[in-house]
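What TrEMBL records for 1-27 is signal peptide. Taken from TrEMBL, the feature domain 'VWFA' covers 251-363.
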Amino acid sequence: MAKKIIDRSNVVHYCFLCVVSLWQANAGLLDPISIGNELQKFSRDALGTDQMQVYFNGLQYHKQTLNGEDLKTQLAIKLADKFKARFEVTKRLKRAVEASYARRGIGNTTPAAKECCKADLSMLKYNENFRCSVDMDNMCVKISGRAPPNPVHLDEGVFREIKEISRLYPFIKWQYFASDEGVMTNFPVYHDKDECSEYDPRYRPFYVETATPEAKDVVLVIDTSASMLALAVPANIRCLKEYVTGLNPHGKTHYKRAFQKAFSLLKASITADETAKPKKRVILFLTDGAPSEDEPRGPIFQTIRDMNLQLNNSVIILTFGFGSVDQNTREILQDIAVQNTARYNVSVNSSVGDITPGIFTPVPDS
Ligand SMILES: *[C@@H]1O[C@H](CO)[C@@H](O)[C@H](O)[C@H]1NC(C)=O
Ligand SMILES: *[C@@H]1O[C@H](CO)[C@@H](O)[C@H](O)[C@H]1NC(C)=O
Ligand SMILES: *[C@@H]1O[C@H](CO)[C@@H](O)[C@H](O)[C@H]1NC(C)=O
């Protein structure tokens, strides 16, 4: 989408340049008649208005009475078909991707696509449909710098299906798939000017909105201890930086208080409406250090167990460790994420529902 907008602005820019250079040619004269002549010439030769007029003049017009009701029905059918075809394409792609995943480890596992940032530019040809230069005989991948070491790649089977879709449905343009490991497979190949590992599809709206389309209650807990503020916050949460910087830092990290507050906010958000679909509840816990030395671990896990129990164990906790977190901090953030309370002598109570384990994500300085 962004690409198309850029292309259009280039066109406008180009025309603007034409006007400017014509103007400069006559600037010394400042003769309104000759400027007028130049502008007329411009509209005739560059914009082709004369030819357009000739074309319109040559058209035949005739009167016709239209039935609004019929038109409406026809339009509805056309629109429905439009969506149906696109759903069909999406379903075909989904099946192809699933089949590729199922074939993993069987025979040839060499990736079917090169990285987009390393595309062979000599293979790219300008394509009217895509409004840029593309290679229709290949697909390419963008691998996030935060993807695991050997992420899954899609195989040739997916490529064949993509080619077939592009042949059968010429109105379908870009076809892409983003995996939960942070790999985006894209068709066709284009000139990717981004840094190779910079793009992470998992943070793009198309991924987030389709991966988790239902509403959730989310509480974001940010550690405001002094050490947290010295950190360089990575690009994907850059927007949080200003907010974090604006918070009043104090010396220590208090986990128990933070979780008490987070759970009570979630509890307060429960609606009286019993027919409402139960919402997922998530706590995002961002810190750069272990709890303060003098904070006992047991009560932290007791709080998590007890307060999640009150919410039918519906709360998922995702923890993020910023900077170079030590082994001790890693361990406790990992235990909090999976709610491994038993390790701290706080037995799990799943009488009201199973606990959904979250994950711990280290966020190194970039
Ligand atoms: C927990 O489950 C019980 C029984 O299904 C229900 O009555 C109660 O409203 C639930 N509480 C929350 C916070 O979802
Ligand atoms: C858990 O309880 C056992 C036995 O009572 C004790 O040995 C251990 O130190 C306790 N662990 C923690 C983390 O409190
Ligand atoms: C588990 O939680 C339920 C609901 O709060 C409570 O009635 C029950 O006694 C608890 N079980 C244990 C073993 O603590």
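Using the three backbone atoms N, Cα and C, a Cβ is placed for every residue, glycine included.
In terms of DSSP secondary structure, the domain 'VWFA' (251-363) contains 44 helix, 20 strand, 49 coil. In the predicted model, the domain 'VWFA' (251-363) has a mean pLDDT of 88.
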